[in-house]
Structures are given as structure tokens and as C-alpha cells.
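Trainee: Before anything else, here's the structure in question.
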Amino acid sequence: MFDNKDKTNLNELGEFGLIEYLTKQVELTQKSSVKGIGDDAAVLDFSNYKTLISTDLLLENVHFDLRYVPLKHLGYKAIQVNLSDIYAMNGMASQVTISIGLSSKFPLEAVEEIYEGALIACKKYGVDLIGGDTSASTQGLVISVTSIGYAETDKIAYRSAAKEGDLICVSGDLGGAYVGLQLLEREKQIFLENPNIQPDLEGKDYIVERQLKPEARKDIVELLAALEIQPHAMIDVSDGLASEILHICKASNVGCKLYEEKIPIDPMTYETAREFGLDPTVCALSGGEDYELLFTIPQDDYDKVKGQLDISVIGHITEASAGYQMISKSGNVHDIKAQGWNAFKSEE
Ligand code: ADP
Ligand code: MG
């Protein structure tokens, strides 16, 4: 949490002063950005590309908890999770808008930290901040990000385009963000009970980062293009592997067969899940917030992905009547069900 002592009250700047202050260092770098901040609307030109648009709303105490999420990370993550949706269409992100609702408990320095994180993410991913809206809020902090991107018509990967026989692939590893959250929640409880105890997150950097500082997989979109692979269906893993593969299967009217042993799980995720008495596979299937890309590719492209360390082939697409199945490590067949976050919440 931030400390309001000696901080600047937002009223001193006013709305326009705040916008100007926060956006003074913003530069436009994308060819498609014709006009950014400063008029009634931004102006974009995507020539002969299709335009991709995605938006997210983040509410304090619903989507984030300021007791353990640093504001800079919050700004960074707000941008990342949004860009992830553009990459999940196999497109490139080019612009974002950021809208914020601020309650009076936030001084200028707090908002500045959010923007600092957001602008670091924009810069790193080469996207232009082209506008937003700013308002007072009586309900805590509200952040909404809209991202805009582009793709060639025949490169766009819809959820509905998976074909029977396709290989199911996922980038990176899964479950880490959820296990990281468990760790942060545990430390928060300890802190609430005894504020003198400092959080013990030592040696757990990877999974804490997976939760607080996710990275959208722009690199995977670029890698697929370099490997000359046109993914059939693609989605980003925001709610857990189970939920996402079901989205693809239902939209494409196909079934799937996943192999538990092929699901990529980082050793730290695995061990920490075990410490919490959680099944690491369940964390991957139902945890969420990993922001990896889940996609299907034609079988003929297997040779192109097989040497790629950052892409795992975890199963294949079947006909719809075969259902949604996972073969466990011991060879048992399980039906895949979407559980999302609720699977864990109901256990609490
Ligand atoms: P309007 O009254 O027409 O909504 P605003 O005064 O809200 O205009 O916004 C003026 C300019 O500043 C616009 O270009 C808008 O997109 C931009 N802007 C407003 N709030 C933000 C924000 N939080 N982040 C980035 N740009 C913003
Ligand atoms: Mg406005």
C-alpha cells in the first residue's frame, strides 16, 4: 500500500492538469497513429489491414487487491492482459487507451505509479497510448484499457477455426500465476494478523512475477510467423487451460484429447502447488491468469514446432462426438470441465 503523507492531492491539478501531467511524455510511434491524445477522438489509419479491438475493465477488490499489488505492477498488468487479447487473434497491437476512476484516497503520486507501469508496458511492446478518460470514483480504483491492433485478413486466428486432427499447442508454462496468487494471499493473511512479519516470498520470484507481472506473448505471434505457421484457432489463457480449450472446441464444433503429462508446468509452480496441497495439473487447468497462448495447428506443421522450447504440443483436436478428454498420467480418461476460479473459491 502507498503512504499518503506529503503527497499531492489530485484536486491541486484538476482533471486537465492531471491528464497533461500523466501523458506529457507520451510519443506516437506507430504508422497507424494519425492523432493521439489532445482532441475529441484519436485518429487511426490501418490501410488494408483489419482492425482488432479489445477492452477490459479492472475493479479494485474484484480484480485486484491493493494490499499486495503494487500500483506500478497494476498499471503494467492492466496493459499486458489487454494486449494479450490482440495477440490471441494472431495480430499485432498498436495502440491503447486507458481510462481511470480515482477515489479521493489516491494522491497524484499513486496515479503516477500506475501510469509509470502502464507506460513501461506500452514502450516495451511498441504500442502508442492514444487517449482515455479520467473521472472521480466513489468505489475505489477503476481501470479500463482498450487495445487496438491489426492483422491481415487471412492471418486472423478465430476461436472457431480448429479442425479435426489439429495439434493443440500452448506457449510457456501454466499454473504459475495461480500458485503465485496463493502465495501472496497467504502472506497477506499473515501480515493482517501480525503486521510486523514481512512477507516471505524468497526463492519464489518466478511465480510471484507470473501473478503480478504477466507478459503478453507477442513473441509467440512473431515466432509462428517466422516458422511459417498459420495457427487455425487461438485464444489466450486468462481463465485456465480447461476453460480455454472448451471455448475453442465449442466455437469450432470439435472435441479434444489432452495429455496431462504434456502440460507444461514450471518446477517452482509444481513444488509450491504441492506445498499448498494443490494438484499442479488442476492449477494449470483451472488457475488462470497465465496469459499464455493456446492454439491449434495443422498436423503437417509438427516438425516446425517440435524443436521449439517455448511451445508444447499437449494434445489434438478430435471430432465433436468424441467429447472433451484428458488422458491422465496414469492413463485414465477424464472429461474436461470448465471450472475457472470458482473451483478454488468453493473450497475455501
Ligand atoms: P472529453 O471531455 O472530450 O472526454 P477529456 O478532457 O476527457 O476529453 O480528454 C482530453 C484528451 O485527453 C483526450 O484526447 C483523451 O483521450 C485524453 N485523456 C483523457 N484521460 C486520459 C487518460 N486517463 N489517459 C490518457 N489519455 C487521456
Ligand atoms: Mg473525457
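Heads up, the Cβ atoms here are built off N, Cα and C, so glycines get one too.
Feature list, courtesy of TrEMBL:
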DOMAIN    38-150  domain 'PurM-like N-terminal'
BINDING   Asp40, Asp85, Asp236  Mg(2+) 3 binding site
BINDING   Asp40, Ser54, Asp85  Mg(2+) 4 binding site
BINDING   Thr55, Asp56, Asp133  Mg(2+) 1 binding site
BINDING   Asp56, Asp85  Mg(2+) 2 binding site
BINDING   His63, Glu289, Trp341  substrate binding site
BINDING   Tyr115, Gly132, Asp133, Arg159, Ser238  ATP binding site
DOMAIN    163-321  domain 'PurM-like C-terminal'
BINDING   Asp239  Mg(2+) 5 binding site
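Situate these features within the shown structure.
Mentor: This prediction places the mean pLDDT of the domain 'PurM-like N-terminal' (38-150) at 95.
Cβ neighbours within 10 Å of Asp85 (Mg(2+) 3 binding site), excluding its own Cβ and spanning all shown chains: 23.
For the recorded site, Asp40 (Mg(2+) 3 binding site), the DSSP three-state label reads coil.
In the three-state DSSP reading, Asp133 (Mg(2+) 1 binding site) counts as strand.
Listed in sequence order, Ala78, Val81, Asn82, Asp85, Ser144, Val145, Thr146 are the same-chain residues six or more apart from Asp56 (Mg(2+) 1 binding site) with CB atoms under 8 A from its CB.
Residues within less than 8 Å, Cβ to Cβ, of Glu289 (substrate binding site) and separated from it by at least 6 positions along the same chain comprise Val81, Ala177, Tyr178, Leu181, Arg210, Gln211, Pro214, Ser238. Under DSSP, Glu289 (substrate binding site) is assigned to coil, being neither helix nor strand in the three-state scheme.
Annotation note: Tyr115 (ATP binding site) sits in a helical segment as assigned by DSSP.
DSSP assigns Asp239 (Mg(2+) 5 binding site) to coil in the three-state reduction, placing it in neither a helix nor a strand.
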Trainee: May I ask which of the binding-site residues Asp56, Asp133, Ser238, Glu289 have a CB within less than 6 Å of any atom of ligand 2, listed in sequence order?
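Mentor: Passing the 6 Å Cβ check against ligand 2: Asp133.
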Trainee: Using a 10 angstroms cut-off on Cβ to Cβ distances, just flag whichever of His63, Arg159 is the loneliest among these binding-site residues.
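Mentor: Counting other Cβ atoms within 10 Å of each of the binding-site residues His63, Arg159 gives the minimum at His63.
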Trainee: Please report the three-state DSSP label of His63 (substrate binding site).
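Mentor: Going by the DSSP assignment, His63 (substrate binding site) belongs to neither helix nor strand, so it counts as coil.
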Trainee: Can you tell which of the binding-site residues (Asp133, Asp236) has the fewest other C-beta atoms within 10 angstroms of its C-beta?
Mentor: Asp133
Trainee: What is the biggest Cα to Cα gap, in Å, among Tyr115, Gly132, Asp133, Arg159, Ser238, the residues listed as binding ATP?
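Mentor: The ATP-binding residues span at most 32 Å between Cα atoms.
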Trainee: Sequence gap of 6 or more, Cβ distance under 8 Å: name the residues on the same chain that satisfy this around Tyr115 (ATP binding site), in order along the sequence.
Mentor: Leu22, Thr23, Gly75, Ile98
